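For reference, TrEMBL has these:
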ACT_SITE  73  active site, proton donor/acceptor
ACT_SITE  185  active site, proton donor/acceptor
BINDING   10, 11, 42, 43, 74, 75, 186, 187  substrate binding site
Ligand code: DGL
């Protein structure tokens, strides 16, 4: 059981920001990753569609015999985590609770901005999760629908286009009193330096990937599921659709990552 893999999913490359932390904090664990590039962005889809896609991907990864399933996508976590938990006995971890907890830990004024997809914003899952812990927290949820296409296309490397999208999306927040900004979409850490600069490096930026990896580590330890693998780990990547663009971003984001990659249909 211990040497089974950790299954991770996202709509595209975003979940790699969680994987980067997982392999840093848990280097003996094998990851099987599913990126649903063909159907990205999830943030513009209906809740029913996102639930359906998440179920399909969970079923695909279950056939690979995984010991834990990580929904490394805020939109899918918001829409589908309770449904997936009903389908299985293995632990299912999402990214909203870990990011919310961290924001409350780090904020000095409990004034928090959440940047996310439209789907996550409309679910108000961040607001309810944060206020369940602290009723007095002020939570402003902002949809950033142009961020995921900017990142998936690789266009975020183009300064002019990147600056334009960031400015158009965040200009109303320039004078916010919030001291903490949650990157409520796993794609956003790929542009977190630029978001941070946009706020003159004055805000706490919360990357839920980092926090999620910590939760996974605690959970595996508690359930006695930590791997004791001795040999080098080769991870498996499945991409729904063409993986050329996906692989380019993967190699830039995690240059030392050892993996196999293949394109799959569902
Ligand atoms: N990375 C995902 C998230 O955290 C999905 C982005 C999208 O496909 O719209 O929400």
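Here the Cβ of each residue, glycine as well, is placed from N, Cα and C on the backbone.
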_At a 10 Å cut-off from the C-beta of residue 73 (active site, proton donor/acceptor), count the other C-beta atoms across all protein chains._
35
_Within a 10 Å radius around the Cβ, which one of these binding-site residues has the most neighbouring Cβ atoms: 43, 74, 187?_
74
*Among 10, 11, 42, 43, 74, 75, 186, 187, the annotated substrate contacts, find the widest CA pair distance and round it to a whole Å.*
12
*If you count the other Cβ atoms within 10 Å of each Cβ, which of the binding-site residues 11, 75, 186 comes out on top?*
75
*Round to the nearest Å and give the CA-to-CA distance linking residue 187 (substrate binding site) with residue 73 (active site, proton donor/acceptor).*
8
*Within 10 angstroms of the C-beta of residue 10 (substrate binding site), what count of other C-beta atoms is obtained when all protein chains are considered?*
30
*asked:* Please report the distance from the Cα of residue 43 (substrate binding site) to the Cα of residue 185 (active site, proton donor/acceptor), rounded to the nearest angstrom.
replied: 9
*Looking at Cβ-Cβ distances, which residues of the chain lie under 8 angstroms from residue 185 (active site, proton donor/acceptor) while being 6 or more apart from it?*
14, 43, 73, 74, 75, 115, 116, 117, 120, 144, 147, 148
*Local Cβ density at residue 42 (substrate binding site) - other Cβ atoms counted within 10 Å*: 28
_According to DSSP, collapsed to three classes, what secondary structure does residue 75 (substrate binding site) have?_
helix
_Secondary structure at residue 43 (substrate binding site), reduced by DSSP to three states_ = helix
